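**Student:** For reference, the structure I am asking about is given below.
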């Protein structure tokens, strides 16, 4: 029977540790999990489900004998080592933005476009966290009614910026509660010049600023949506905002559908039977998704679905999912499961 | 010289205490400030700028000799006492939702529609906090280019729900940081059945649910915008969301303007010269509004102005203002100043 050796690159990070958890609980037949990170982390021990794993330094040779390599250690590490892993026969599933817009690389949300996996050349890209959950929520609506427009405003959790950012948020919270001085050294973006506190605050910047006054995070949502949905005509605009939440991205999503016969009840029906979605939508019992209730869960939660007041084919909704799980680690492992199911992993 | 006796009803609340501060620093000629609250608070002392004021119980007779009465003690108190105040010759400026949609009551943001004050019958309504800052930011754009559509997603601070809600948020934060059990007894709405934690969380419900799946807070933004802008045709839709911030509402606002010659630079020019606005918009130095930097300030801050990717006359922006100041206390006092300036206060 086929059994896979899976490497996790960036195994000590917020996403990497979740990846190991998700591999452990997946349906994939596993021979071995190799946990790779920087030289600095080499020798560290990680315990997953009682299994103790020792972190190794990532080198080209680390990928000898590896079947599937999950990368989540930053774009430059992916660019350095993903081709080395492919050269050694591994399939790379990359959770950085390095290869997402490469036209030769499939960008995949398994519930939406698994067929894109067929054309892969060794590297599969995992979309941005905020894009994935929006795609899961919108695909059943697109299938049923068509989709012409998306306007999204996000409420993104701090764990998306890594473990150190979460620690800094909690430190700031404690210092603010004590009326003490506080420091900001990470957010909005580790790579940017200025840093602002996130605790008891809101920052309308995620990643660096890019063209037309949009941030890279906003461009990711725009461009990745068009690629995943194979629709260059769909109108997409995004405002990406960081909020003081540990895990769980929330999104206020406005859509316009093509089919004028659409309705709130029709949208709810489509979502109810769709994979990966849990509908939480009942104002009469105050049922709607929140990040605290979504944390640690695999589903994408959708609620507050309502028709626009003025535009017949316009709808608003509220979409929440754990950014470390479906937004990153789980989606990567589901891509591996899909590749396995479709017989696309060479052995 | 004319000097006014001003009563503040709800003087011990989050907005009431700010009202006293704003009266103290206003240009109004003041004879006396009367601080009124419930029987429970009567006898309490409030110190404003070194001046000690003793809280009195609100009764119909409290308004004898009062020229201007600012109400912020909940809708039922306004309904009970505002007519009594008017009967005794006072002008009422009401910061609750009790009279806002009454067609005989002006609903006023002084930067936008001061002329509406002329027809008053004794009661002027102060709009909802999240509506006011949006009106201040959009009016200069509407004047220059016309406005056909607004879609807003809010990030609203906890002080909008009162002092007790802020205390509960801070208690929850401390308990969560200590990994202790925490309680939720106030938010999303004191009058609703279920309560959820707001600390390290996001709640897509403000006020109770109403028609069509929208909350009352969302309907306030929709209906008040149409009334303040005297435009029943303008398309407005809102998603109102509570975030763990003490003071300072943020808004992700999408607009469509009528004039196709509009531009980002033209919008910035219009805002730069408009009253009550500070433009904070320079991605090259990461300049944009945040609640922490807006807290305690009188201005409405606008940034992240950019054209929609696909819709030529569509623009996105980020609007922040202190919900207790311009969103409530300051706007009420500015209405009083405007009434005084226009000679509309009987003496």
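In case you wondered, yes, glycine gets a Cβ from its N, Cα and C as well.
No curator has checked TrEMBL annotations; they are predicted automatically.
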**Student:** The NADP(+) site in TrEMBL lists A:12, A:13, A:14, A:15, A:40, A:41, A:159, A:160. Which one of A:313, A:323 belongs there according to the record?
**Tutor:** A:323
**Student:** What is the total of other Cβ atoms whose distance to the Cβ of residue A:14 (NADP(+) binding site) is within 10 Å?
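**Tutor:** Excluding its own Cβ, residue A:14 (NADP(+) binding site) sees 22 Cβ atoms within 10 Å.
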**Student:** Between the recorded positions A:12, A:14, A:40, A:249, A:323, which lies closest to residue A:100 (phosphate binding site), Cα to Cα?
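**Tutor:** Comparing Cα positions, the candidate nearest residue A:100 (phosphate binding site) turns out to be A:323.
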**Student:** Express the distance between the Cα positions of residue A:40 (NADP(+) binding site) and residue A:249 (active site, proton acceptor) as a whole number of Å.
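**Tutor:** Per the Cα atoms, residue A:40 (NADP(+) binding site) and residue A:249 (active site, proton acceptor) stand 30 Å apart.
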**Student:** Of all the binding-site residues given, A:12, A:159, A:323, which residue's CB has the most CB neighbours within 10 A?
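**Tutor:** Counting every other Cβ within 10 Å of each candidate, the maximum falls on A:323.
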**Student:** For NADP(+), with binders A:12, A:13, A:14, A:15, A:40, A:41, A:159, A:160, A:323, what's the maximum Cα separation in whole Å?
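**Tutor:** Maximum Cα-Cα distance: 26 Å.
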**Student:** For the domain 'Semialdehyde dehydrogenase NAD-binding' (A:5-120), what are the DSSP-based totals of helix, strand and coil residues?
**Tutor:** 37 helix, 32 strand, 47 coil
**Student:** Counting Cβ atoms within 10 Å across all protein chains shown, which of the recorded positions A:40, A:100, A:249 comes out on top?
**Tutor:** A:249
**Student:** Give the distance between the Cα atoms of residue A:249 (active site, proton acceptor) and residue A:159 (NADP(+) binding site), rounded to the nearest whole Å.
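**Tutor:** Each residue's Cα considered, residue A:249 (active site, proton acceptor) and residue A:159 (NADP(+) binding site) end up 10 Å apart.
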